[in-house]
Every structure is written in structure tokens, then in C-alpha cells.
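Copied over from TrEMBL:
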REGION    1-26  region 'Disordered'
DOMAIN    27-117  domain 'BRCT'
BINDING   Asp335, Asp337, Asp426  Mg(2+) binding site
Amino acid sequence: MDSLQMAHSGPRKKRPRQMGASMASPPQDIKFRDLVLFILEKKMGTTRRAFLMELARRKGFRVENELSDSVTHIVAENNSGSDVLEWLQVQKVRARSQPELLDVSWLIECMSAGKPVATTGQHQLVVSVLVVISTVRGLIKISPYACQRRTTLNNRNHIFTDAFEILAENCEFRENEGSCLAFMRAASVLKSLPFTIISMKDTEGIPCLGDKVKSIIEEIIEDGESSEVKAVLNDERYQSFKLFTSVFGVGLKTSEKWFRMGFRTLSKIRSDKTLKFTRMQKAGFFYYEDLVSCVTKAEAEAVGVLVKEAVWAFLPDAFVTVTGGFRRGKKIGHDVDFLITSPGSTEEEEQQLLPKVINLWERKGLLLYYDLVESTFEKFKLPSRKVDALDHFQKCFLILKLHHQRVDGGKSSQQEGKTWKAIRVDLVMCPYERRAFALLGWTGSRQFERDLRRYATHERKMMLDNHALYDKTKRIVLEAESEEDIFAHLGLDYIDPWERNA
Ligand code: CTP
Ligand code: MN
Ligand code: MN
């Protein structure tokens, strides 16, 4: 049993005594023998450290003056987990088994309790999953979880990530989930790298890169392209699925059907008299040209004004926040996503808002399509175990008519004839106390969200979804006022929205 587990197993098991010269208090004063603390001076300062050491010793804790291999708990202040890890790596003494890295808040709680308190995600500074790799630019740390990586839009490895995204998409079309995930994870980790991969040596130690992925990287380095990607791009099934799913309302099932029926072009499908289309697909075909040309940032901002005007007409205290790709700083998107929440509304007012907004737009002639999905949210329901579970908030998938004059004050280029553009908009309404979870969930990216949940489940024994966070060990629901609170509960360094482009 290592010291980490011993620290968790309570004060019953005795660890062998170590009467080093560094021990200040006589052994009989030590009440909690399973814990050996070390307090980090860095950023805390000598005086405060001395004070905390003295206090802890008086309360019966064993506190070491120097780092030694018997230390089980390292306490730090104003240091991130990565800071402490870095400090540890340059120390001559290595901790034999991984000590817990804790924030000073844990020690303070112990002091007021007069005994060791259980360590939680709020106290823990670092997780053991960070991989440190040596690169030409020195040591860097890479986590296999996207939620522990800062991924901006500055992707230095486009030639590789484009390839893996095509391969992932092809696997998705062929319903090969395992390979799809492997390619998406590879693309995601490469997007976060602070350098461009030039040789195979650069890939050493990077997590999420399996043999298959590495062989493709090698081929791209050598030939400038991957034969497998080339084959996929020329593949009839891939091309057809890509085309069919570009229509709003067309998913894998419909694409499969049309492909099997022998369709290869949209015009043939559109003009076929025997096919039945859903309301969504009809709208998808009708506004196809507008919807495939991406939404620009200026258009997204103009839509934001429209949404706020409508929402505030009914709930003046509501918060309207842009989420999705635009919140992550993207310059274009396939739609514009908004989260709406109101601190002062009753449940009924909350439930009535989206229908009222839709009604208003309909009267103004701005509503081209809508699908209102009623809430199935239950207050006391625990978070879902599924990584890709849908959420239960009331939401509306729309196509709005955006007049050109509303974009950039009408300065933007006017097409002859048509004075507007059809824009896909998603609106989500959530109870005020759930806003942090909903915001985190709707900001994405999808890969970032998947890894947040995977991390919560596997590294923290918690369950996270768009509504709540549940601690399975303590059997409590954890509340949050902000995204920062959720990251803190999970023991993660906060990642800003523009760093979530995993
Ligand atoms: N989302 C969700 N439940 C859904 C749909 C979306 O939780 N039913 C979340 C996803 O996590 C996603 C985010 O909302 O990351 C935004 O979804 P989407 O608009 O599809 O993706 P974007 O990241 O905004 O990309 P794009 O710019 O193409 O719109
Ligand atoms: Mn979006
Ligand atoms: Mn969306």
C-alpha cells in the first residue's frame, strides 16, 4: 500500500516512524501519523509558512521542514498544480509515491476541524495524468484530457488535424465509433500543441497518438499528404454523406437511406417526387445556399441584437449570453447559439419566454423555421452518465431572417434582389441556478465537453452534465455560480472559453 492510499484510509494503519533530524515536534505530539505534510514556501512566503507549520504541529500534525520521500501531502498557496509539479521536478529529493498536492484551503479546514479533513477536488491541485514531454523547446506538459489543455484557435498543426478530422468524419459515416474517437482525440491533442510537428521525434510522449495515428503523421511528414485521406476524399460514400448531411435536418440515417437508393446529388433528391421530407429538411433545402455559407461574426452580433430585443421585451432582467463557437472566439460558425436565463422569473414566466419570442418574430415576418423542444428538466435528477447525453432544458432550433441592413449598419455587401440571409439560431432557456452548468455545456467544443465528463467520471468519481455536478463519493450535488466554480469542484485549472477549441 502506498502512502497516498494510506492517507485516505484513515488513522488506523500505522506508518513506520521516521525520526529524521528535520522533525521539529517530538513524536509523542503527533496525533495523525498517516499524514506527513510539507508546506511549499514558493509564493507563500517564509513568515506565513513558519506560522502554518507551527500551527499544524500544535494541532498534532507531522510537518516536515524539508521535502523528503516520506511526505504524503504537499500544501501550497497561490500555486497551480502545474506550478507545484514543476517545482517538484527540479527538487533533488523525489517523492517515492505520488504525494497529494493540495491548496492551503485544505490545511486551513484541517486546522479549524482540529483533525485531517477529506481532500476533495476543491483542494487538490494536480492530477497524476499529466504527461511531461521533452521537446526542442524544453519540457511541456500535455494531458490526455482536452479539459486540461489550453486550445486556442491558433492551430499550428493544420495539415495533420485536417487529415484526422476527415478520417474521423469518414468513420462517423461508417458508424465506426472507436476509430472515430481515436482520430478526434488525435486531432484535438495536436491542436493544443505550442509547436508544429516537423519530425516523428516531435511526437514522442504525446498522449492520444496511437500507432495508426503515428503512421499517418509519418506519411504526411514524408509525402506531404496521406494516401488514406486521399482515398476517403475520393470515396463515393464519404462524398455523398458529406453532401447530404450539409442539409439542415439530414443526419446519418437519412443519408444512409438516400445513398442506398442510389442518390448522389442534392438536385436529384430535391426533385424526386417519391421522397418524403421532414419539415426541418424542407426548410434545409429551401434555405440551403444561405445555410451552407457560414455565419460571420458580424452576422452573429446582429442576431445577438435581435435576440436581446425580443427577450428583453418580455423579461427585462434576463441574461442573454452567446455560447457555442462564437463564445470560443471563432470568426465563423454554422449557427449562433444563445443561453437565456432570468434571475427574477417564476417557472411559468420562464416556460413562456421562448414561445413569446417566437410569436413576436413570426408577427414581424422574421421566423423562417422553428422547432420548440419543451423542457424535460427535473430538479432532483442526477447528472447523466452518458458522455454525449442531450440536455433537458427548453430550447428552440430556428432559422431567422436577418436583413442585411442590420449587419454592420448595412455597410456589408448587398446581393442584388434578396435583402436578407437565412441564419440558423439555437436558443436555450435554463433555470437561473443552473446557468453555470448550462453555459459550460453549451460553450463546447464538443471534444472539450466530452473530456470534461470523462475526466469527472474517471478522475474524480463525479458526474457532470449540462445541468449539474454530482460527487459520487460524498453523495452530494455540488452547486456552482460560475464556470470557475465548476472547474474548482473538479480540481481543474480554469480554462477560458477561447482556450476550449479542442
Ligand atoms: N450542445 C449540447 N446539446 C445539444 C447541442 C449542442 O450540449 N443538443 C453543445 C455542444 O457541447 C456544443 C455546443 O452546444 O459544443 C454548441 O453546439 P454547436 O452549435 O453544434 O457547435 P459549435 O461549437 O457552436 O460549432 P459551430 O460554430 O459549427 O456552430
Ligand atoms: Mn454553434
Ligand atoms: Mn448550435
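Glycine is no exception: its Cβ is also placed from the backbone N, Cα and C atoms.
Considering other CB atoms within 10 Å as the measure, the emptiest surroundings among the binding-site residues Asp335, Asp337, Asp426 are those of Asp426.
Note on the domain 'BRCT' (27-117): DSSP counts are 36 helix, 20 strand, 35 coil. The Mg(2+) site is defined by Asp335, Asp337, Asp426, and by the 8 Å test on Cβ atoms against their centroid, the other residues of the chain that qualify are Thr323, Gly324, Gly333, Val336, Phe338, Phe397, Arg424, Val425, Leu427.
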